[in-house]
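K.L.:
Straight from Swiss-Prot, here's the annotation block:
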BINDING   Arg48  NADP(+) binding site
BINDING   Arg125, Ser126, Ser127, Asn238, Ala239, Gly278, Lys293, Pro294, Thr295, Ser296, Ser297, Arg319  FMN binding site
Amino acid sequence: MSGNTIGKLFTITTAGESHGEALIGIVDGCPPRLALTEADLQGDLDLRKPGTSCHTSQRHEEDLVKILSGTFEGKTTGTTIALIIQNTDQRSKDYGNIKDTFRPGHADYTYDQKYGFRDYRGGGRSSARETAMRVACGGIAKKYLKQVYGIEIKGYLSQLGPIKAENFDWFEVHNNPFFCPDASKVRTLEEYMDALRKSGDSVGARINITANNMPVGLGEPIFDRLEADIAHGMMSINAVKGVEIGAGFKAITQKGTEHRDAITLSGFKSNHAGGVLGGISSGQDILVSIALKPTSSLRLPIESIDKNGEPIEVVTKGRHDPCVGIRATPIAEAMLAITIMDHVMRHRAQNSNVASITPIIPASI
């Protein structure tokens, strides 16, 4: 299996399966002398880990990350950083009934066709369990970007099923299990999820992610446009079916006079572009939104086939999230951080001595 690495100068490689012994992460390209301990990475892992509320999977993983290499005396050395997270709460017996069957909406059929062999326990490599290591690796990028460039990456749940956040307060995001910025919607979300869980069904969600205090100049103008690499990273997250940058699909109904962002010496007057112009960061906030599909693992029956092509009815057992979007915020933050970090390293390597005479325009007024 290829395709387990992302990035060019700042790269992360992950390994491990849902019910394997552990998850492994390899980070290459982190500059030296960055103060780094496990505590710097654990906070986001704790936000993502399962079993923290009745609205998520009841699999109980501590998700404790350990740094195996790449640091000395609490600082990065500039060499490869290796990370490990042990899996401790596997219940593989829950998946014995799908060993020779295909769950609709999952990667069972495609993995079987591509490799001729698959780890059916919890979805194996295709499980979102893999994203725990992305969050750990992304924590390194987040710390470097914040410490060296002042870039801060934050996300929140803007919609769960039919329920949209209408008010916004960053303080509320980490004050409820949904990462919802609207305190007035929390009770509604709880009631909706309680009813959904009892029905045995699932639902999708929308997550918004921003990167503040961005420098100008990150990204390449053609195939490695900043927004293209952001979309690549976001679409690599399990269950993500759509990505928007800035105005996104709203641009379809906007007139050009509305969509273009006026520029003054005092700042951009709007940010419909989402912080990227011509594939290169403008210095405005990066604005990203992702859509996540409903979980396919349901206790409600559905038609499928077995490995012999015989028709069957599938009912999925195990512990699953009725809405994967609830735990997706730290994952999306990590992928945005990893992408921006890679472009920071690339810009530093190629353009560190460039000095434009044009004044730097502040972000939106």
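Here, residue 1 is simply the first one shown, and the rest follow in order.
From the backbone N, Cα and C atoms, a Cβ is placed for every residue, glycine too.
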K.L.:
If you measure Ser297 (FMN binding site) to the residue listed as 'NADP(+) binding site' at Cα, how many Å is it?
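P.N.:
Pair distance, Cα basis, whole Å: 19 Å.
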K.L.:
How many other Cβ atoms sit within 10 Å of the Cβ of the residue listed as 'NADP(+) binding site'?
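P.N.:
23, counting other Cβ atoms within 10 Å of the residue listed as 'NADP(+) binding site'.
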K.L.:
How long is the line from the C-alpha of Ala239 (FMN binding site) to the C-alpha of the residue listed as 'NADP(+) binding site', rounded to the nearest angstrom?
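P.N.:
Roughly 15 Å, rounded to the nearest whole number.
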K.L.:
Secondary structure at Arg48 (NADP(+) binding site) (DSSP, helix/strand/coil)?
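P.N.:
For Arg48 (NADP(+) binding site) - judged by DSSP and reduced to three states - the answer is helix.
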K.L.:
Select the closest residue to the residue listed as 'NADP(+) binding site' from the following binding-site residues, measuring between CA atoms: Arg125, Ser127, Thr295.
P.N.:
Ser127
K.L.:
List every residue in the same chain as Ser127 (FMN binding site), at least 6 positions away in sequence, whose Cβ is under 8 Å from its Cβ.
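P.N.:
Listed in sequence order, they are Glu17, Ser18, Asn238.
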K.L.:
I'd like the number of other C-beta atoms within 10 A of the C-beta of Ser297 (FMN binding site), please.
P.N.:
23
